[in-house]
Amino acid sequence: MGQGESTPLSLMTDHFPDVRARAHNLSLSVKKSKLTTFCSAEWPTLQVGWTPEGTFQPSIIQAVKEKIMAPDPWGHPDQVPYIVVWQDLVENPPNWLKPFVHRTSNPQVLVMELTSEETKKKESSKPVFQDASCPNLIDLETEARPPPYVPPLEPPGGGEGSGRAARGDHEGGPALGTRGRTRGDRSMQDPGDPELPSSTVQALPVRVGPANPGGERTYQYWPFSTSDLYNWKTQNPPFSEKPQGLIDLLDSILFTHNPTWDDCQQLLQVLFTTEERERILAEARKRVPGVDGRPTTQPHLVDEGFPLLRPNWDFEQAEGRERLRVYRQTLMAGLRAAARKPTNLAKVNLVRQEPTESPAAFLERLMEAFRQYTPINPQADESRAAVILAFVNQAAPDIRKKLQKIEGLGEQTIQDLLKAAEKVFNNRETAEEREERIRREERELAEKIRKEDREYRTRENQKNQKELAKILFTGMRTGSGARELRGRQAGKKEKLERQTLKKDQCAYCKELGHWKNECSKSDSRKGMAQREKVPPENRALYMGEDSD
């Protein structure tokens, strides 16, 4: 007995006959292969919290449904039956689904069976670590307030000082402000603060605090938690393999969290290897903006704009915040530059669409290859032709054939081609359908062969019967003709025999010494002799004789 996992998607596929029956009750038609493709490849790209393993969270399902049922060109009408059936099963679960819908809060893994054989294996998917000491940045569904590490901020007039170390128990963690839910207590917020909305309290490494008695804005600092750093590291692929994941993560963190120089070093230390950090810092120092805004090579300006040692930048001062902003922008530029490898178009050409890969996933891999192995920005307008050419020529054979038939291919946008490719991909036949089609074609071919064989045998029988009848008819005619021939030959023989009589041979008795008219054996001769004996008066006229 091994280790097994049951996810929402695996439950649906394992009980697909029930899923298909539910779809039939809703006057819909679904296929297992397309359900798997949409759940694992398409819906996670909608950026509403759907995981490749699926989910039973009603809010996420509804968000996916709204995205799919959006009007053209943003909607996906071909995916509507699948999300409708999924939602109906969650709202009205059958017996095999009820335990998982009502008890689970983690939509990724529902059932886990551990055995001694596979407990030694390391799980490929890393767990999300929950730190009890501070709120988690990954969990978007829970509300929590950070514990009061230090006494709360003194009220206005009660004291003066920098808000660097001041924190209140109403303040959230470092990712607060990036969530959709409100964290903290609204009653603890300064109602006159124009920069803080009444519905959300921001909690970033460097964030705006309440005003001091002099009316000046104070800033508070909240470091990244251990759980945040752990989750960011484990939930993203290594920079050397898929750099775009960490690039997007750092871009979001630097933009929303406003980290300090120390926070940036901590992120580099945790998320990257030593070689990757050195390469990122080296590329960033090449892109430090000078006085005119263009990259400078002057050492003192480079050290001033992108220092390798901890600078004395005060984030409570406008100058310090501006230097931090430039530093973060330069760091992101170096990060993107370090992700690019030496130009190698052959690597881009090796990116081919897999047989079961969706066009959207293939396009993402292709654009990632352009970012890594070429200086081309695949999202720029001037790079559109190169991306389109690679997307068409390196797509799956059936999709490539369809795209090459589009008129004005060079005038199409990549989104238009992606939509056409998805249409071909979604209309593909599954393995079961292909096997059924092959069996049907084999049956039709066998039936056609049998029919042609029967027709051939019928034609051959008719032909044989005609030939047999002809032979019989010819044989009958040959028999009567032979008799006639024998008769004619006999007559000729007699005639020849008559012509060969000797001079003194009788033609009647064939004796020598007299002729036929002198033959005493001839009947005519006997008749003449008898007539001579009859008196003339008693002689009767024979027919043809004249009377005297």
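Glycine is treated like the rest: Cβ placed from N, Cα and C.
Note that TrEMBL annotation is computational and uncurated.
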Between 36-77, 204-245, 288-329, 414-455, which stretch does TrEMBL give the note coiled coil?
414-455
Stated TrEMBL location of region 'Disordered', expressed as one of 99-128, 459-488, 519-548:
519-548
I'd like to know the mean pLDDT over the domain 'Core shell protein Gag P30' (227-426).
88
So, by DSSP, how many helix, strand and coil residues make up the domain 'Gamma-retroviral matrix protein' (2-108)?
64 helix, 3 strand, 40 coil
